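Structure, as structure tokens:
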Amino acid sequence: MWAPGLCVARSAIYRSGGTRKKFSPRLLGIKGPRGRSGVTAAATTGLQRRLLATNTTTTASPPSTSASPTTTTSATIPEPPSPKQNPPPNRKPLYIRIPLFLVLSAAFFTLGFTMSAFPALQTASDYLDPPSDAETMTMFTPDNDLHQEIESYILSHPLILSLSSNPSYIASRPHLKIPATMRAQNLTGGTLLGDDKIAVPPLQFSTRDGSTFTSIQYLGSQLCGHPGIVHGGLLATLLDEGLARCCFPALPNKVGVTASLNINYRKPVMAGQYVVLRAETTRVEGRKAWVRGWLETLPGHGEWVDESKGEGQELVNGEKEKAKGVVLVEAEALFIEPRQAATMARVYSTS
């Protein structure tokens, strides 16, 4: 039988909401009537007081954050309310979503392809529809004082004024027919143009039948083979292009390629001067054309003479004579029109 005081103590612990723990008489040192020793009423009363004091201290102290594995609490934590579940979206049928996806994909692909291919399309359009000869005469604008000085000197020279007033000639700047995006890949139309090189695009005059040709250009100091002397390979390149443009109008499709080119160098060409390229077509047979030409110096304003009128300009010493340019390089060439010339772009030919 349990002692009365121990029962009262256990009841107090349960009523106070304290820690629930199973007490054993053996744990408390109390034995029943049948044990070898018993407990007195005073001991039971003292034990009751100690248990009640321990229960009161435990109830007044704040709850500990760390709980014993065997400790349980009577309070229950309410579960948070479950979030409100939205109903599934009203998706369109598959037979509508698939065509819509294909249409949007095609639209974005077309837009991206057009934006990336626009420069190439613009270049192709410029090749297929190049500017006219007259339009090329207004396409160059000098961008510095040196270019402005050279351009003014060329346009005001009596030779240029004489050729411009002759209805037999067509004036143009053929290098400007090359699309702007492709000029950097062209030797004479982009690479060799610029300060201290071919300062301004060459100005040319050609006859409608391809019989004669004249062009003028300024050669700078960065075109030399030896210091102060223009490279002979550059002079051959200028003659190759000039003689080709001379005979182009005489060919069936107005375009050709070089079959042979012979060069004779007469005098050194000094850098920093103007030179005149003259050419004439000597014979044409079907798709073949033979041309001869030469480079010569450009006489100054007071030294030049209009040979077509047979009148000389008055020189510094007061005398009159027919001053002519000094021949520097001579050349002969054969040009052949390709069989597929009908499908080639007319970038260099006259319109």
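Cβ atoms are placed via backbone N, Cα and C, with glycine included.
If you look up TrEMBL, you'll see 25-91 marked as region 'Disordered'.
Look at TrEMBL and you will find 53-77 tagged as compositional bias 'Low complexity'.
Annotation comment: TrEMBL describes 78-91 as compositional bias 'Pro residues'.
Taken from TrEMBL, the feature transmembrane segment covers 94-118.
According to TrEMBL, the feature domain 'Thioesterase' maps to 228-289.
Mean pLDDT across the domain 'Thioesterase' (228-289) comes to 95 in this model. As a summary of secondary structure, the domain 'Thioesterase' (228-289) carries 19 helix, 27 strand, 16 coil according to DSSP.
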